[in-house]
């Protein structure tokens with residue numbers, strides 16, 4: 001394909017394909033590991049990506065009215081923690097002259113999300129309330145379907161269709177023909193009474209029976225994940241509006257203590273190891289008692305952030321309510337940072353707004369308030385920007401800094417929550433040293449379960465062999481009894 005069609009592909013896509021194993025895997029998964037079908041999909045999607053200049057789609061190249069229309073946007077999560085991609089059908093009108101631009105808007109949002117959240121799948125919501133024949137646009141619907149079936153592999157979890165008018169039944173029979181058997185199983189037709197089987201009320205607008213007060217507006221781009229969306233000059237709302245003045249003062253004091261501690265330990269870059277040592281000697285330490293060494297690190301231009309993608313919270317059995325985020329300044333300047341969350345009423349972040357000296361590491365403790373439980377839908381945003389050496393690092397200076405810093409100079413990184421449902425299987429108890437593997441983290445538990453499954457498989461094979469031998473023995477015994485009985489019968493008949 002590459003030799004014959006290299007001029008039809010964007011070189012950036014080819015380079016990514018050669019380096020990104022996850023992307024290749026998604027193509028294979030979406031085509032059931034059939035290599036020829038996978039190659040065909042890659043070929044078609046790469047040609048489409050170049051035709052639509054997907055890698056260069058930005059806000060500036062698309063008409064502003066497309067964003068203002070509000071027919072397409074990302075907002076909220078379903079019950080499985082997947083992002084919702086909304087299509088407000090009533091805001092769409094069929095117009096052949098605008099069709100290409102509208103299709104590029106779909107591609108823009110999909111690419112925007114794929115880059116932001118590393119290609120985690122989406123749940124598509126067709127909100128068809130207050131729609132009629134004038135809103136039916138089969139060409140546009142077919143393009144949307146093609147995006148998920150042909151261009152973005154393994155990117156769709158389900159399609160939730162809300163209150164589809166009966167007059168559109170005939171049109172959707174045509175759409176089902178485009179989807180194919182796999183995608184058809186993802187269709188979920190809902191109304192007000194059952195839509196919450198898939199999406200909780202907190203992410204549903206009132207007309208769908210929910211309590212979400214979200215109102216789409218533009219600009220800026222929808223950044224509804226966090227309480228403080230960015231505008232041209234930084235956050236719209238004031239600093240930590242959910243914290244009281246006393247809490248801010250406590251943060252400031254604690255930040256100073258943490259910075260002082262870090263200055264004394266600049267040569268020790270692995271702060272998590274320091275915590276595990278301090279747990280043994282000081283049980284009153286504020287750092288998480290059950291903090292685990294992070295296995296992955298996100299290497300950004302200003303900060304290295306560990307863990308890279310997910311915060312792990314323990315189950316109710318373990319009682320773990322704290323997680324650790326380690327920030328390492330890799331620049332030669334002071335880096336200001338702030339941490340936002342989608343659920344400020346549930347989490348306490350210390351420090352949430354501070355700075356990190358050049359070459360040092362800083363620990364951020366994320367803790368759950370009593371009575372709350374972590375959720376897959378919860379997200380954290382870490383924002384960072386370089387400060388001048390002459391700038392102060394107090395609360396007033398940081399507040400002013402975030403008001404003035406341009407958005408282009410702000411580094412952003414997002415973290416998801418990973419919730420451990422249960423520390424132990426309900427029907428099985430795994431000892432600490434089972435299989436000589438310490439049960440200390442999720443990876444180790446996975447290894448233990450894998451060993452257990454292997455042992456179970458071997459036992460099952462042994463049982464099957466025993467049953468086979470048992471059956472063979474019974475057959476041989478029956479044959480022996482039959483032969484002996486037949487011999488006695490012959491002997492008896494000869495005598496008589």
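The backbone N, Cα and C atoms fix where each Cβ goes, glycine too.
Annotated in TrEMBL:
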type     : residues : note
DOMAIN   : 74-216   : domain 'CRAL-TRIO'
REGION   : 232-287  : region 'Disordered'
COMPBIAS : 242-256  : compositional bias 'Basic and acidic residues'
COMPBIAS : 261-275  : compositional bias 'Polar residues'
COMPBIAS : 276-287  : compositional bias 'Basic and acidic residues'
DOMAIN   : 302-420  : domain 'MSP'
TRANSMEM : 468-492  : transmembrane segment
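Mapped onto DSSP classes, the domain 'CRAL-TRIO' (74-216) shows 69 helix, 27 strand, 47 coil. The average pLDDT the prediction assigns to the domain 'CRAL-TRIO' (74-216) is 83.
Across the domain 'MSP' (302-420), DSSP helix (H, G, I), strand (E, B) and coil residues number 13 helix, 58 strand, 48 coil.
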